[in-house]
């Protein structure tokens with residue numbers, strides 16, 4: 001019995017550290033609607049600074065003072081980031097801020113190694129909490145007891161802050177309806193800055209408090225960020241109590257789960273999230289989001305098919321791309337193939353995100369399923385390449401059909417997180433089911449048949465498929481189905497009122513996007529000759545998001561440019577320097593500030609301005625917008 | 001035709017001039033890939049090791065009179081990126097062979113690439129048994145003692161312990177799984193009386209150490225096998241120390257004696273663990289002394305195991321290239337098979353039967369000395385003594 005009590009307390013201690021970080025993320029999201037990918041980075045910097053301070057300052061006051069000082073210092077960094085970077089892009093399309101915080105995270109990962117060196121750092125234990133307390137023959141670390149008390153105390157302080165202060169009233173009001181708060185004359189700028197500072201302070205405090213139990217190293221951020229997101233979503237976005245309950249739930253399920261299934265930790269949080277979201281679409285304590293007042297951005301620049309001149313230009317670009325084998329070597333061609341494949345992957349997500357308004361955080365699942373489809377068909381059934389290429393993506397299609405059915409019942413960030421949960425479940429199956437998938441050692445030896453083996457032939461194949469995919473998806477955007485899909489995106493209520501079966505349309509779009517991603521994955525398997533669980537992983541899903549956002553989410557085909565720029569730059573930087581993350585992160589942040597609508601989005605805006613300023617009767621303006629159909 | 005050749009030549013000259021690692025045509029180039037940005041704690045000492053080797057080789061006249069150049073690339077910890085890098089090295093840089101890699105899945109991805117493109121590949125650090133056995137191929141050789149060898153070395157010491165009830169803690173991925181599987185198999189063969197009472201599989205890099213330690217303690221084992229390393233090991237040791245998990249229990253642990261993993265533990269180093277590792281401070285052989293002196297003179301730092309691996313990878317590559325007298329992959333394979341050479345740990349041989357080198361490791365016990373962990377009572381275990389019989393290996397490895 002004593003054992004179960006101690007195990008329960010141990011779970012509570014884990015929950016407390018999770019809660020600190022999660023509460024900060026929840027507050028930030030609730031008010032500013034920023035999906036703060038850098039929250040883990042702030043947590044990590046908190047730990048690093050606290051390590052340095054605790055090594056310098058001695059004594060009990062020195063230790064605890066250092067922890068608080070570190071958290072304050074990081075909060076200050078947070079304020080600077082908010083004022084310099086995020087303030088400029090609050091009015092950018094949804095999720096664009098994710099791109100900025102992603103760039104920041106990349107930079108921080110390299111910076112901490114530059115500043116603190118590559119070795120794992122082990123900090124001091126907390127003075128007064130070094131030992132353990134005997135509980136009927138079981139040991140409970142006294143630091144765990146400290147954390148168990150700290151969690152509810154922080155919860156209480158936050159509750160008081162939100163319920164009993166004017167600032168808290170404003171924060172709650174902004175969480176519910178920030179346009180209304182702005183309309184009532186509240187200075188949003190400072191409200192957002194202060195909220196961001198509080199959120200970052202909590203993240204850094206969470207990181208600093210890990211010093212006595214953890215090692216400080218440069219991958220701490222990734223270790224926690226996804227888990228924290230999951231906790232926030234299970235609890236319900238913007239709900240502090242929800243975050244606390246979810247942290248306890250997840251930690252206790254893990255503490256007792258490993259007694260029965262020792263391998264469960266790897267997937268547990270995602271299973272819990274999937275179940276919770278399917279049963280309660282807004283998390284345990286969340287409320288349905290108020291119908292969003294769409295930013296007019298989506299309607300200012302109406303979409304139109306390409307004019308005949310633009311079609312000719314696209315064709316010319318394709319022809320030039322197809323001539324690459326005439327003057328480029330094998331390496332350039334293989335890189336070209338890889339970029340073409342990522343164009344397919346990015347446009348498939350772009351279709352879902354910008355036409356359907358459904359941002360998926362787990363799109364790599366369908367890319368990877370397509371790749372595994374190839375691996376199964378080629379290695380187990382021994383089918384020839386052509387057949388594999390035609391059938392392999394069907395696994396992506398199947399996955400999208402099953403998961404999409406559940407996912408489209410939700411919307412917004414909840415939709416995104418459910419897709420992430422499904423992707424992680426698929427990933428862990430690929431990772432764990434060693435006898436079939438080979439686990440993380442993957443499936444090797446999937447090289448293309450001789451007709452496609454040479455780099456130039458494979459390049460033409462990838463380029464041809466990419467072109468076909470782009471044409472097909474564009475045709476779909478301007479088909480009746482595409483209009484119906486855009487209607488569900490712009491107003492769910494109105495589209496249902498005119499008889500559109502919104503869920504079915506969205507589900508269809510999800511399956512189309514999943515299958516297309518599967519085509520990309522199938523080609524990728526042949527390009528690399530092998531398949532690994534990496535092909536389904538979070539970082540690939542994030543890459544796809546970055547490509548779409550970089551290109552411009554409000555455009556018809558911005559993802560093409562986003563994919564080319566991001567992938568080419570990534571490959572080149574990785575080849576040139578070990579600090580590729582630092583440079584890439586800096587570049588992304590620069591793009592975010594200079595092109596707040598994405599690269600293509602910005603170019604389109606400039607072109608349109610020029611059109612408006614050109615004299616009336618100019619041929620471009622006179623042309624009825626939809627005439628090309 | 002002539003004009004065109006000039007043009008291409010000029011273009012190449014421009015390109016080459018712009019590259020950081022430009023080299024003359026008569027140089028011999030080795031393409032090196034590792035997870036520099038993902039695992040700097042291991043790869044920084046590794047890079048220092050191979051840079052020292054390059055310097056020594058060229059100071060001694062290069063390879064058959066030609067200068068050795070190593071072109072190094074980062075793989076970011078992703079198999080797909082490692083292949084891109086391998087392709088660049090082979091297609092654009094024209095390297096004579098590939099070398100390096102740390103993670104098992106990346107080692108396998110590059111080995112498969114080497115097999116497909118018919119390029120010689122010397123895997124430096126990946127531990128998976130698959131790379132020389134179940135997924136072995138004729139183009140791939142491996143330097144470091146494999147999972148199986150490390151397990152066999154530990155079993156030799158562990159089987160002498162009186163403990164009968166064993167529990168295991170290992171990261172939940174291929175390395176952890178196969179380490180536990182081999183250890184259990186070899187241990188049960190030597191000691192049929194042993195019971196396996198619990199196993200814990202925390203996700204790699206994400207151990208929730210408190211509950212794991214409690215769960216293992218609840219099974220009340222007499223001895224524990226640990227396979228976790230890096231930050232996970234730190235958390236496990238800290239929780240285990242506070243909760244008294246290791247008190248009165250024997251612990252056998254993979255790789256923990258390597259300075260990379262032992263040094264961060266500082267004054268929390270648990271005492272009496274039986275570990276594999278690299279006690280650079282207590283090795284007294286002329287070969288190692290020479291290496292240690294050169295390393296410390298160049299970097300003013302002590303070597304980690306990664307330094308040895310990096311150093312010996314390039315030394316081995318140079319020995320193979322020198323013997324082959326050519327960069328033709330088939331000749332390189334012929335030269336490497338059965339080739340013996342000196343190393344800081346004594347003479348090693350690349351076996352013909354499975355392309356595994358006989359580099360060994362040190363097995364010893366951890367103790368706390370002046371506030372940091374060291375290995376004592378350590379002895380060098382020659383790799384050749386801890387491999388299965390040739391008949392068994394032949395069964396494990398597909399025919400070329």
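Placement of Cβ uses the backbone N, Cα and C atoms for every residue, glycine included.
Automated prediction, rather than curation, is the source of TrEMBL annotations.
Here's what TrEMBL has on this protein:
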TRANSMEM  A:6-27  transmembrane segment
TRANSMEM  A:34-51  transmembrane segment
TRANSMEM  A:63-86  transmembrane segment
TRANSMEM  A:98-117  transmembrane segment
TRANSMEM  A:145-162  transmembrane segment
TRANSMEM  A:224-249  transmembrane segment
TRANSMEM  A:256-279  transmembrane segment
TRANSMEM  A:312-333  transmembrane segment
TRANSMEM  A:381-406  transmembrane segment
TRANSMEM  A:505-527  transmembrane segment
TRANSMEM  A:547-569  transmembrane segment
TRANSMEM  A:581-603  transmembrane segment
Item to check | Feature contact check the transmembrane segment (A:224-249) with the transmembrane segment (A:6-27), CB under 8 Å, 3 or more pairs | outcome: yes
Item to check | Among the ranges A:34-51, A:224-249, A:256-279, A:381-406, A:505-527, the one whose Cβ pairs under 8 Å to the transmembrane segment (A:145-162) are most numerous | outcome: A:224-249
Checklist entry - Out of A:34-51, A:505-527, A:581-603, which stretch touches the transmembrane segment (A:98-117) the most, going by CB pairs under 8 Å? => result A:581-603
Item to check | Intrachain residues whose Cβ lies under 8 Å of the transmembrane segment (A:63-86), provided they are six or more past its termini | outcome: 32, 34, 38, 42, 45-47, 49-50, 53-54, 56-57, 97, 100, 104, 124, 126-127, 192-193, 196-205, 207-209, 211, 589, 592-593
Next on the checklist: Given a Cβ distance threshold of under 8 angstroms, which distant residues of the chain, six or more beyond its ends, lie next to the transmembrane segment (A:224-249)?
Outcome noted: 11-12, 15-16, 18-19, 21-23, 25-27, 29-31, 37, 39-40, 43, 105, 151-152, 155, 158-159, 162, 175, 269-270, 272-273, 276-277, 282-287, 413-414, 417, 420-421, 538
Checklist entry - Near the transmembrane segment (A:505-527), which residues from the same chain, at least 6 beyond its ends, have a CB less than 8 A from one of its CBs? => result 334, 337-338, 340-342, 344-345, 347-349, 351-352, 355-356, 358, 360, 363-375, 385, 388-389, 392-397, 399-401, 404-405, 407-408, 446-448, 452, 458, 461-462, 465, 469, 473, 476, 481, 484-485, 488, 535
Checklist entry - Taking residues 6+ outside the transmembrane segment (A:381-406), which of them lie with a CB under 8 Å of any CB in it? => result 274, 278, 365-367, 369-374, 418-419, 422, 426, 448-449, 451-452, 507, 510-511, 513-519, 521-523, 525-526
